[in-house]
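Right, one structure below, let's go through it.
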Amino acid sequence: MEAVVTSSQTVRAEVAELLGIEESALDPDADLIASGLDSIRMMSLSGRWRKQGIDVRFAAMAANPTVAAWTRLVGERTAESPGAATQSGDTAASAGDPDAPFPLAPIQHALWVGRNELTELGGVAAHLYVEFDGAGVDPERLRTAAAALAARHPMLRVDILGDGMQRISDRDLPVKVTDLRHLDVADAEQQLEVIRHAKSHQLLEGEVLELALTLLPDGRTRLHVDLDMQAADAVSYRNFMADLAALYRGAQLPELQYTYRQYRSAFTATPAPTVDEDRRWWTERIPDLPEPPALPLVPRAEQRDPRRGTRRWHFLDTDIRDRLFAAARARGITPAMAFAASYAGTLARWSTSRHFLLNLPMFGREPFHPDVDKLVGDFTSSLMLDVDFTEAHTPAQRARVMQEALHTSAEHATYSGLSVLRDLSRHHGSPSLAPFVFTSALGLGDLFAGDVTDQFGTPVWHISQGPQVLLDAQVTPFDGGLLVNWDVREDAFRPGVIDAMFAYQLAELERLAADDAAWDAADPPAVPPAQRAVRDAVNDTGARRSDDALHDGFFRTAAHTPDATAVIGSTGTLTYAELRERVLAVTGALQVAGIKPGDTVAVMGPKCADQVTALLAIHAAGAVYVPIGADQPADRADSILQTAGVRMALACGDEPPTFLPALTIAEAVRVGSRVHGVTPATVEPDRVAYVLFTSGSTGAPKGVEVTHAAAMNTLEFINDHFGIGPSDRSLALSTLEGDLSVLDVFGMLRAGGSLVVVDEAQRRDPDSWARLIAEHSVTVLHWMPGWLEMLLEVGGALPSVRVVPTGGDWVRTEMVRELRRAAPGVRFAGLGGATETAIHNTICEPGELPREWSAVPFGRPLPNNACRVVAADGADCPDWVPGELWVGGRGIARGYRGRPDLTAERFVVHDGRTWYRTGDLVRYLPDGQIDFVGRADHRVKISGYRIELGEVEAALRRIAGVEAAVAAVLTAPGDGRGEQLAAIVRASSPAVTVDELTRRMAELVPPHMVPSHIALVEAVPFTVGGKIDRRAVTAELTRSMAERANAQAPTYRVPSTALERALADIVSTVLDRDSVGADDDFFELGGDSVLATQAVARIREWLDSPGVMVTDIFAARRVGALARRLVDHESGSDRLEGVAELYLEVADMNSADVASALHSTSAQASR
């Protein structure tokens, strides 16, 4: 046993060694962070002491980073654990037969499993590929050096076996030579590019290191080094490349007296004393750990090449490095954490959440033997960091948050990050990954030593990639400065995202190096200049503005074309002159009743053509209208009347309400016809035109005050854009409570066209709509998407319809295609908007519908409007990043009547402008269009993951045969799993099945976004207002889930064959369960890659099935399917069944039976 040393001199010596300085130069009271000691080396030292049984915690070291303080800590902890000692290299030297297989290290195992296509983000080898551009490298000398290198480092000859073990082989390390000296320079470069592309993405099979040399014109050479990082980590790469260079120049290297195999044996034999405590600490935090950063990703099934890796890199020179390091250390921040914070801050800016999980690889070697630092192998571990930048708004604040997160996690680092991820997977019931990685090689020395570049040339191309990683950001010393690399799964990200992110981080690093004040300054905009230019162009607030009030256009038309048809209703037709006469009569009646400009008048009762007269008359009196439909509950109607401050009411029908001053519209016409000299009032455009009451999130009505100017901005654009004129007729389907009625009434009558009014008896009947369209040759349908869906389901041609602007809900692309078939030549547009944005605020008029669209985007802002996509901290989101839609400009409402608190909350001032916060989650596309993602109040959390229901719906709609989909969250009856994700789907064909939908969703979205229940329906329910009826959807799903629960009581298929029974016994043992059915899912029962490896090892040994692989368990998942795969491997079941019966016979024995059988066998053998 090696005594633990606690003297000041020893602590000082260890720290001096880590800093690379003489012990005498180290002041015991100096701040070690300011002296250059980084977090990674501090963690290594803490881990070394804890391995020795001295419980010195990393956080305690970081709190007071001096040699003197650490000496006291070591002394105190040693006194508490007087028996502290560590196993020496000698006692650990025996590691069994050196030719026998030995277990993979945890990171090795994860990389091995990740090569499997069936794992999420898998099918990729962890490899590092580098090209050295040099001159005069001799192929034979290189071959000789390579052979010596392979002999020196056994791990460069390792075989990774199918059961999760590894074994050292006796193969050599060949060098492939390609001679391109006969080509000209251009052709040689082209061939180099071909070689590079092949090697950058290859899966090495049967070898872990490939050396190749290309001979180029003019004596140049290119050395290609491709390493499978299952065999060696980055520090090991540096080691063997330095050895290769030394061997190439003829140096004699002393033989290593220790092996990686021995190291792993010693490591396993000396677990950290705090591992159980650390496991408990992490277990308590599992439910609260965040998900990875939610960046703009492309569904895997839509990626061109899911495995393609690319690299972005940038070199920071010595001056920038030194200034960054000095500024960080002056703030008590290690340089590694400064770089980590810059990377994480960039992720936060492109993520929908500023609270996420980050993966940090850690490099550390226990000093079991003097040769440990010279070995080649995998010595890495991982650390999960809970990063929360919610309240961190400057680079310095983020760096402190990162450093504190590191200190917290490092305190409990003996329980590995991989173990944490496995625990998370079990907690969530689906695979949990941490695919965003930050790798710091600061303090580890140059990856490419000077001797390496002297012998082989300058590294001109390098890339690394790994399974289950989307983005690995690295910072490493290089050529006197720092190399900042991003290795990216390129096609996983939306176009332009990675380039914008990388540029943003580099700009921050250079800003922090140049200006010390930048560390404490707010962040600059993340929207790149090119994206800003596109947004400036589409957010045009300088278009022509009308000073008209809403009713002015009607009166001009009535003066110019009095005999034209204005209104067509179920009771008759009115010309413009007739309508004007009725309007002025009702205006007179209002004046007689004491209504003054600015007063509020309700329009009540069932939908009817007379309501057109009422609206125009109220405005002609200078008043404000408030519609209240016939189907409003009495309490709600009373609340609206009180909040709006209604002075009187005009009502459709024969009987006016009795609870306030009121007239029927017909009575108002009679009363007003006796009033002479009535003229329409002149109303300033900034006066309120109407108050529409909508339901808030609490269900309480809120009255939106919309001015004439705001509504006119939308109305004029629609009329001008679509050329709506005297020959047009629109079918007015919307009730007055829906703001589409504003365009129906005031827009059409301003244009001189005719309004065909659907009455109360017809407004729920699509057959009546189709008849009215045909009968009156309707040309314009300004409708909700749900109404169009209902109309198209009725069927039939719509030859007269030429313009269909629709908005207010999702617009299916397939519905647009159906509409174009029914109405050839129709001009269709999808519009985004809300009552608070004066009906519409964006427009998308698509030509050919792109295949990848599942719904029509909101589009671009209307003239005189502007749109922002805003993150939770108020900053503008870059392209593709979802945020809340804010709308500003002429077309927004004044606020909420009688609710100054709500007005202040939803109508906010930013940069001197008022913006309406819509609550819609949207994203800017690169062409300036705004794409609807979902509602903020439809953002839910399932199994610890935040989910946008709109994203789930969009993914479902991308599946062939799906016409419509609506997602919801609800609790299954009698189910103990809590809230679940569910969806209804309307399909175009009976061939679309729930199983097929589930399978395709698994290809498009992460597991937590795949609905656990899907119900196929004949129709999606809509409200009377034409929007998806989500309450009805929830009711339908609740009913469907209850039916399924009743029909599918938990089933358990007993394993039927001997092989199934044997496999079930092995699997149940590995999973620590009483029993496993033939159709039970291994992973749903709590299995993971480590347990799968254990199961494979036992199946190989106990069932004599050496061909079984971990991939078989990933593919089969169930005992029954696994049995079939094993039989297929052997082209028959007889032998396996016999072995399984023997296994079961032994498994059923008790210990006494086994001892007796062994004794009997021994006795027979002796005879």
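Glycine is no exception: its Cβ is also placed from the backbone N, Cα and C atoms.
Per Swiss-Prot, the feature domain 'Carrier 1' maps to 2-78; the stated evidence is sequence analysis. The DSSP breakdown of the domain 'Carrier 1' (2-78) into helical (H, G, I), extended (E, B) and coil residues amounts to 46 helix, 2 strand, 29 coil.
Marked as domain 'Carrier 2' by Swiss-Prot on the basis of sequence analysis: 1054-1130.
Positions annotated as O-(pantetheine 4'-phosphoryl)serine by Swiss-Prot, on the basis of sequence analysis: Ser39 (among others). Within 10 Å of the C-beta of Ser39 (O-(pantetheine 4'-phosphoryl)serine) there are 27 other C-beta atoms, taking all protein chains into account.
Around the Cβ of Ser1089 (O-(pantetheine 4'-phosphoryl)serine), 23 further Cβ atoms fall within 10 Å across all displayed protein chains. According to Swiss-Prot, the O-(pantetheine 4'-phosphoryl)serine annotation covers Ser1089 (among others), on the basis of sequence analysis.
Swiss-Prot lists 78-100 with the feature region 'Disordered'.
Per Swiss-Prot, region 'Condensation/cyclization' is recorded for 98-390. Taken as a whole, the region 'Condensation/cyclization' (98-390) shows an average pLDDT of 92 in this prediction.
Look at Swiss-Prot and you will find 575-967 tagged as region 'Adenylation'.
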Conformational class of Ser1089 (O-(pantetheine 4'-phosphoryl)serine) under the three-state DSSP mapping: helix
Ser39 (O-(pantetheine 4'-phosphoryl)serine) and Ser1089 (O-(pantetheine 4'-phosphoryl)serine), Cα-Cα, nearest whole angstrom: 31
